[in-house]
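Below you'll find the structure, written out as structure tokens, and then a few comments.
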Amino acid sequence: MNAPTSSAEWFGHPRPLARLFAIEMWERFGYYGMRALLVLYLTKHFLLGDRVAAGIYGGYTALVYLTPLVGGLLADQYLGSKRAVKFGALVMAAGYFALAFGGAPAKPWVEYDGTRHELTITNFRDGPTSDKNETRQVIDHGQSLTIKGQEDGSILLVDAQGSVARHLPKGALQEGADRDELRLAITLLALSAVAVGNGFFKPNIATMVGALYDDGDKRRDAGFTIFYMGINSGSLLGQLACPFLADAYGWPLGLGVAGVVMVVAWAALRFGEGQLAGYGETPVREGGDRKGWIYGGALLAIPACYFLFTNLMATPAPQAGEGFIGYLTGLPVMGKLLCATFGISLPAILVWSWRVGSRQEFEMMLAAIILMVFNTVFWSLFEQAGSSLTLFADRNVDRSVFGLFEMSAPQTQQFNAIAIVTLAPVMSAVWAVLAQRGWEPSIPVKFSLGLIGVGAGFLLLVLGGSMAGPDAQVGLGWLAGLYVVHSIAELCISPVGMSMITKLSIARIVGLMMGAWYLSLAMGQYGAGLLAQMATVDTVGGQVTNLKLSLATYMGVFTQIGLVTIGVGLVLLVLSRAIRRLMHGVM
């Protein structure tokens, strides 16, 4: 491929970069916009419990990181990057549009003394942000009784005069909902479609960017930096717009706009093919056209993913005293498959590299796999953003911004995108200055700093929680502080991860090691769902029964995972010198 001429340039880069920038920006708009809403959609519209919603979220994001392994391979061998991106965009758009058909909100009920009672919600809003005056009542023997939770987990049923009619001990009141199971099934199929489509889109749009540059072109790194600006811009816009639309006009528009922007992304590629001619084309292979088989197989993967979601929902929560093996065997099918694949593939890769590689190659591979394991821990903590931290923001954060307006809970996720856009150049400059002086931390030290940082972010939020007033509300600044610290931690790990894998891997299995890296990311996403389930809070009709009990639950879990992760980071820091020796000079 010839280098682009100046007449075909955009800010000193090949002109097609502008189109790919826009395509990726709109795709990230849809992904992060929907991700911001997902857990609240499940808990408030379908009235699923925190545990089930967190599990679905973790399973979905795990699939998002698993499917590119297959999508990238199929594009390389059969479809070409361009065709794979177009197909993925259409499948994702269909999934996003299907999410908008959630139907009427679920109807809640409670049961106590062996009798089921319909739950009435006053000032109900079917959207991400509930009315502050929302209350729950049951009709018992012709009397309207308001449900009021206590800090010990018990429930008071209070009459119109404020007198306590019943005091139900903890666990005596069971809650549930009559929901449209067909609409819920459509939602799970929609998530499956987005995950499958993402597998074709995510790896191949980046491949097309790389194809714009000849080997050795010094503009390549700068081109990818511009491309990643599109990712961050789309993330920021999506996390701002989708929650706003869902609050103002309802879930269908907030979720459906993700489908609209995916159609825009598809159109930008479909009608810009002249500008992108020669990039990401279908490879020439013998044996006939296999596109139909691939598309058919991809569509069949959607119900397969749907099965994983339904199995996840049907799997009971683990019980105390089961032990580690009992816990693993009690995981849903998706969890078993991920853990088995991760637990078998990494040792198998090491055994292979020991047998066929030199001692130096084996040691470099060992270093890469050690860091993959720590990478899984990091993302399990970091990805609380879309699950437990969003629910915490909804329930226990005063989201008023200087008294001028109130952010919605899903919009608080944009603090991460803002911090990344702002701090990425600063961090890059800091590393450059340290490198000039010979003080730049090694990759293992950067990983340890990332782990310590993500744990410290949770402890910062716990500090804010200790200052909460009688209303059990934490100031928005504390949550923003967590996201800033987490963003700095992310910048210690994320930019170096994939580059590290390519440098440490034995040349003939770089592709396999990249697959293992994505597997570690998927494990981290799934682990995030499991950790979020630790922060499950009892709700009635989608509302926590007692804000102080909710705050205490979150603070307990955040303290635990924060301290443990800092400990893990310190362990890696102690081991960093030994791991660096295994890397044989790779920086």
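From the backbone N, Cα and C atoms, a Cβ is placed for every residue, glycine too.
Those TrEMBL annotations? Automatic predictions, nothing curated.
Of all ranges given (147-171, 222-246), TrEMBL attaches the label transmembrane segment to 222-246. Ranking 222-246, 293-313, 364-382, 447-469, 551-575 by CB pairs under 8 A with the transmembrane segment (475-497) puts 447-469 at the top.
Residues 48, 52, 55-56, 59-60, 63, 67, 74, 78-79, 87, 91, 185, 188-189, 191-193, 195-196, 199-200, 332-335 of the same chain lie 6+ residues outside the transmembrane segment (293-313) yet bring a C-beta within less than 8 angstroms of a C-beta in it. Spatially, the transmembrane segment (87-106) is adjacent to the transmembrane segment (252-272); three or more Cβ-Cβ distances between them are under 8 Å for residues at least 6 apart in sequence.
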